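Taken verbatim from Swiss-Prot:
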type     : residues : note
REGION   : 129-177  : region 'Disordered'
REGION   : 189-281  : region 'Disordered'
MOD_RES  : SER242   : phosphoserine
COMPBIAS : 243-260  : compositional bias 'Acidic residues'
COMPBIAS : 269-279  : compositional bias 'Low complexity'
DOMAIN   : 283-393  : domain 'OCEL'
Amino acid sequence: MEGTQEALSGKMRLLFTPAARTSLLMLRLNEAALRALQECQQQQVRPVIAFQGHRGYLRFPGPGWSCLFSFIVSQCGQEGTNGGLDLVYQRLGRSGPNCLHCLGSLRERLTIWAAMDTIPAPLLAQEHLTEGTRESESWQDTGDEPEGHPQLAPDEVSDPLASHHEQSLPGSSSEPMAQWEMRNHTYLPSREPDQSLLSPASQKRLDKKRSAPITTEEPEEKRLRALPLASSPLQGLANQDSQEGEDWGQDEDEEGDEDGDSRLEQSLSAPSASESPSPEEVPDYLLQYRAIHSTEQQQAYEQDFETDYAEYRILHARVGAASQRFTELGAEIKRLQRGTPEHKVLEDKIVQEYKKFRKRYPSYREEKHRCEYLHQKLSHIKGLILEFEEKNRGS
């Protein structure tokens, strides 16, 4: 992206029939996303992409870091009624004029920016965390830890998009990408109204929910639009607040209990399922926040969003940092065979750490549930605001 670019020159050759199963997109991304892509290319690891209609996420994996970016797919702007954009690449000829190949028309644009919901690895983002977050992390570094059991370094940040069947991807980085995301997490470029790339029938349904065009935004509006409409990232963390987790500290003397051993491994290694309310338990925010019909109502919703979002960020950092440790231990014990001395040593270590964790962070469960509740509430409010803006677009 840096440096001067030479002007394209040469003979033009038109190739308006792209290869089968090939889509041509205009890519817009900030410096952090570009560097992450370049790093993945150098380390030969594959990014993970997930679509949610005309929105989605890109995750760049690696040991010790994991960077999450959001993206939207929108329609490319056209110059005039008959204007358009074509994808052209230049082939430098050793002899004779250069050749310009037109691969086809660009109808969609992929805009990438850093996602707010990325949970940075605690050791990499320690300088960026608040004092309250550091206190929540300190449980794993203090106390009566038995000697001979070194601390496990974090391997990878929990993936908020992966299902419980997916495995972490390998990779490495010379510069922690989590720090790039922390520096760029408020970046959100201007963009055209969103468009769907699904079937025509699906596109008609999604056209009604496109985001309004954004020219200039206040900081709070940037933060509002940076919160993805997705499931809570905390739902992918280890389910250490389950009933099985409550039994770890009580059953530590039952060394021969295979059921308890299996229960322990399952609780640590398997991410918790999505917690959706039952039909009779309708969340209060669904009753309180309904469709927006006026600008004053929109402003009131945005004020409520900002108030809850400040609390959400604090809880998210505290809970994410504390849960990361058990996510790592869960992945570690899953790789060991049950009944082996190594498995037993790690199991005892987990029991001891969990007992210390409960003493140093007694409010973890309440804060975790509160954080997940706020995430769903903020996503709901954001959706209503964007829907109202879309209805008033162009009026």
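Here the Cβ of each residue, glycine as well, is placed from N, Cα and C on the backbone.
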- Averaged pLDDT, computed only over the residues in the domain 'OCEL' (283-393): 87
- Query: In the domain 'OCEL' (283-393), how many residues does DSSP put in helix, strand and coil?
  - Reply: 93 helix, 0 strand, 18 coil
